[in-house]
Ligand code: MSP
């Protein structure tokens, strides 16, 4: 299923807006790394793309956490929000907008949106009774709870009983419209298993949900009754809209929605699927606004089979990981090793094995070894061969020619691991090809033409691999490109689609002898294996 195809020219995608109840952990980084790969891939193809991320700064969870630390909620939110920004810098995330839901401009957008829904007659005052998980910021059905009234996601937290007056959104009014929408846009919810979950949930009958709270200070007041504040999710989802405002634009829906709306892709974790795939489109339908094109719910990063999370305290510190291994290795591991959409366990021994095998050995050594042979056997110049001189029976050309399209399809379907595997198959075939062809023997036998053909085919394969992996490992790819004599930095958004357009660079056979090769140097330092398990 092609997730990122759209007839319009622009492409907008979002990460969730992260709660500021604690420092970011690797789970929050996971969605953001994936989003960054998608946005970089769009840009590589010359498509204007906008990546929205940010922080969700309202609700009881944050209010309580700030109180427990003896801090004012806003001060606390400022600190944590800054930590997210710094982590995105360290991880080399090319986001365009960072929205904080405490932004006063956001209040204006929420208010305007509220009145649209209010005027439609979709909001009413009622009594909310039920079990609430503060960590999820969500009411739970009694039948879904674990023993001792514990939340199934935050298994160490008990849900709390609520019986209070709230404003409700008439979700039940949208049952038919939503069902018709899911039918007409079958790829709205991805992957398929998540779509089925949502369809099942909706078919059981939708109930109205409360959009206000009493006794909650941390939130915007409800315009028609300031004793109530907005339920955190009602305001948070609208953060995606506020984020679209140009910095100096007046905060109106019209200004926000002009250029990038509707969002092409919301990337989220599976725990917040209902909000994005049911509540959100219904809210937009009520306000007579177009709904987003796709919602993709990925799996959880787990530790010993349990979701890593701030509430459970079993997280992994992404900063320590980046400090130790570098941003590219971290990005590569999570995108390549875990099938996007499924859960995946983190294990440091495995991490080291994977990045050593793929980045240091298969890719890094291949380049290094080959550049040294070019120095020795071809006076340091790219062999003066053109792709047409090499027959299609050449194993590298045979894999290389269709690879660009194959990897494009994988990225577009958000199958990052498949994309990496496809590229690695070329890299591995290149290593085997060198061993089989033994250019050192060919050289000794005076078969210069064959030596040059082998070395050209391998250099070109490394180039293509670097290009196609550049959304995932931009620093390493830039380093490879520079050693191959291209003055191209894959982190430079402005020059990329002009200097290295997808339609030429994603094709095997681009390298020519006009390139002046750089000095060989390792692109990824092998990591010492851990001694303990
Ligand atoms: N504030 C809401 C989102 C509002 S969007 C308008 C929220 N925040 S969160 O910080 O709790 O979670 C943000 C995202 O991180 C979710 O998509 C969640 O699935 C993801 N992850 C949190 N822990 C995770 C793992 N252990 N593994 C993978 N992703 C996880 O929900």
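Cβ atoms are placed via backbone N, Cα and C, with glycine included.
TrEMBL does not curate its annotations; it predicts them automatically.
The motif ''HIGH' region' annotation in TrEMBL covers 18-28. Annotated Zn(2+) binding site per TrEMBL: 133, 136, 151, 154, in sequence order. Annotation source TrEMBL lists domain 'Methionyl/Leucyl tRNA synthetase' at 149-370. Under the heading motif ''KMSKS' region', TrEMBL lists 307-311. As annotated by TrEMBL, domain 'Methionyl-tRNA synthetase anticodon-binding' applies to 407-486.
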**Study point:** Proximal but sequence-remote residues of the same chain as residue 136 (Zn(2+) binding site) (Cβ under 8 Å, at least 6 apart)
**Key:** 151, 153, 154, 271
**Study point:** Predicted model, mean pLDDT over the domain 'Methionyl-tRNA synthetase anticodon-binding' (407-486)
**Key:** 97
Revision key, fill the gap. Within the same chain, the residues at least 6 apart in sequence whose Cβ is under 8 angstroms from that of residue 133 (Zn(2+) binding site) are 139, 140, 151, 153, 154, 157, 159, 160
Review point. Which Cβ among the binding-site residues (151, 154) has the fewest C-beta neighbours inside 10 Å?
Key: 154
**Study point:** Counts of helix, strand and coil residues, the motif ''KMSKS' region' (307-311), according to DSSP
**Key:** 0 helix, 1 strand, 4 coil
Review point. Per DSSP, what is the residue count of the motif ''HIGH' region' (18-28) in each of helix, strand and coil?
Key: 3 helix, 2 strand, 6 coil
